[in-house]
Structure formats: structure tokens, C-alpha cells
């Protein structure tokens, strides 16, 4: 693809000036990486663990990290024949030995345990893995990361600046990050896009024309069909889609971001102005102008990692909306926000109240057996306003069980399908507040969320 020259060179240079690590930053990073590698080797020797390799992976090892980010991924590589139990036990022993010199340490768990530490100001993951022959013969999901590292390092040379530009551009568009909270583009996916298209400009131009189902297979070795919006076949594993975590909405948000940028390139696409928290007065004005009903389900945030929490929150969000639909409330939109100590599921409805009367339509009168059963059920029953025939069918006007959305959620939310930890937290206590009452929620981050919401 021809290089697109419509993006001003001085704009790219201005962005790089802000995001490209300085030589001093690089030297500090390299020194810390070398020190960490030495600490891991010393810990393994002290604990009599033989045949350990230390591998630096991730953007810091590939030269595609943004200035100001202090993340280092250290993989502690064990021989392939090591048992999983031994890898986890001995790997964590080594990690904890290294952590003795850290400012902070925290056990984390993906497919198997790893240790997150703060070491000389850097956020460091110490991850045990198996040293397998190829990314197609994995013993655990993290085993593929060193292969990603080698592929990118051998193909990205000379295009590191393009990766930096793309990462910051995606950040500006709110689509960077493959964690389940964001459902956006991972760093590895971003690097592969640059490798495939050749530059930042070419990638932006190409993305303007994408459609769901777009497939990119750099090595031309795909073995499987995928149904995700974007399919980036992993160059190291033909069965894997690197873009599997990317949601349809984030895929489309990126396309829109690219199109708007190409119309009028500017720094604001990389560095959008920060949003201020929404003031009470502004929220009340929005309530008055929108004339809708706003509900907030508030409960204590479960003490679990985001990648476990957010799928459960999205499940709860969908379950709450489905419950409201089932009882005739019209949902305009839903959203979730989570902080410490509270989590909020937001719902906007056309109206939070419905009439006390509800129309129940039965079968045609001539379908005798079913029609008579329907009539017998409602005729003369309590909470029935009256009955008649309309359009050849029995109709009864009955009293609505839940005329308010708030009452419905308070009484039926716990009967919905909720994730394990979220259900436990909601069961311990939740509150449904509506409209002006939402002003009680003062967390500044929530108020920024609220500004986007309204």
C-alpha cells in the first residue's frame, strides 16, 4: 500500500515528542531489566532451581513502550517437561524471593499464579512459564508470549515510532487495552497492524474501510474460521485470533476515530481534553431536558480483579435490562461504572413508571378450550379491573404487579442471572436510586462517567 502523506509530518513529530521515551528513560529501563534478570537468576540459584531462563517480554522489551509507562514483564522459563504443580510452586518461590527487594508485592492469578511487584518504581509482572518448542504446542496460555516477542522484534525494526503513534491514537479514541473492562486493542494487536500495513498512516487509512469480519493473516497460515469483528491470525499460532477480545463497538469506535481524524488531523485525536466531573446543577439540567428516567443500582464493589469483575458487571447490566423489558419498561441505554468502594449499574428508561392497569390478551373466542381456561382464570379474580372481547379475543385489564422500575428491581433483581461474586455482593445489600437522588454519588470518577452518560 502506498504511504499516505495526508497526515502532516509535523503533527506526528509533535505527538512523538510527547510519547517517545527519552534516552535517559531507556537507560533506566535497561538497567532495571538487567537488575531484575540478575535477581531472578540469583533467586533460582539460592533455591536450587536449575535450568531457568529469564526472558524480558512485552512492549518494554520490544522498544514499543510509551514514555511515562513503567511496565516490565519478566518471564521465568522452566523446561517443558516440568510439571504444572512444580512450575507454579517453584516459579512463585523464585518470584517471592525477588519480591523481598520490591516496594510492594501482590499475588495475581491468570491461568496460573504470578506475582506483581513494584520494583524501583516500575510495575513488574513475574510470570512462570514453560519453555515449549513452538506456540502451537503450549502447556499454558502465557507460553506463547515469548514467541510473540520474537516475532515482533524481528519484524518491527524501523517502525517503532509508528507503533507509538498508533497506541497513543487508540488511547485518544478510548479503544486501547484488551482487558475485559475495555474490550479494545492489545499492544500486540497494535504492533501486528503496523507490521501488516507498514505504517501508522496506512493503518488509519485502511481502517476507515473496514467491515466486521475483516481478516488479516500476515503469515497466510490460517487454520480456523472466526466470527469476531476483526480477525488477526496470530503469526505464531494459526488457530488463534489475536483480536478475539475486541468488541464490535470498540471495533467501530476505532473506525469512526480514524475517519474523523482523516477529515481533520489534529493533536486532539491523540490527547483529548480531560473531562471534568459533572456538577449537580448540570445533572439536574440534563434530567430536565432529557425528560427520561435515570436509575442507578449501587452496591459494594467485589474484591476481585477487573478481568473477573467486568464480565460479571456486563452480565448484570444485561440481566437488569432484560428484567425491565419483561415487565414492559422501555430501556434507552445501560452502562456500568466501578470504583472503590462502590459499583454502579446505570439504566435510562423512557419512563420509570407505568400505569397500574395492564392489558392481558387471550386466545380467540372460537378456540374454545384455551379461551375458556383464559376467561376462567381472570373473570372475577382479584386485581382485575374488567374484561371484554376485542378483535375476536378475550381481553382482561389487570392490575400491574410492578408499576415502578425501582420497585421491580428492588424485588426481582436477585432472581436474575448474576455472576458469582457480583451476586454475593448484591445479596449483601444494594440500593436503587433514581433521578435527582443520583446526586448523592459524589465520586469524581463516577461524575466523569456521568458526564459521558448524559
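Backbone N, Cα and C define each Cβ position, glycine as well.
According to Swiss-Prot, the CTP binding site annotation covers 59, 62, 148, 167, 176. Look at Swiss-Prot and you will find 59, 62, 148, 167, 176 tagged as ATP binding site, backed by sequence analysis. As annotated by Swiss-Prot, Mg(2+) binding site applies to 71, 73, 125, with the evidence given as sequence analysis.
Taking the features listed in Swiss-Prot, we show where each one sits on the structure.
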residue	record	Cβ neighbours (10 Å)
59	CTP binding site	23
62	CTP binding site	21
71	Mg(2+) binding site	14
73	Mg(2+) binding site	20
125	Mg(2+) binding site	19
148	CTP binding site	23
167	CTP binding site	25
176	CTP binding site	22
When distances run from the Cα of residue 125 (Mg(2+) binding site) to each of the binding-site residues 59, 167, 176, the nearest one: 59
In sequence order, the binding-site residues (59, 62, 148, 167, 176) whose C-alpha falls within 10 A of residue 73 (Mg(2+) binding site): 59
Integer Å distance between the CA atoms belonging to residue 71 (Mg(2+) binding site) and residue 167 (CTP binding site): 15
Cβ-centroid neighbourhood (8 Å) of the Mg(2+) site, 71, 73, 125 excluded: 57, 58, 60, 72, 74, 123, 124, 127
Residue 71 (Mg(2+) binding site) and residue 62 (CTP binding site), Cα-Cα, nearest whole angstrom: 12
Maximal Cα-Cα distance (Å) across residues annotated as binding CTP, namely 59, 62, 148, 167, 176: 18
Distance from residue 71 (Mg(2+) binding site) back to residue 59 (CTP binding site), taken between C-alpha atoms, in Å: 8
Integer Cα-Cα distance in angstrom, residue 71 (Mg(2+) binding site) to residue 148 (CTP binding site): 17
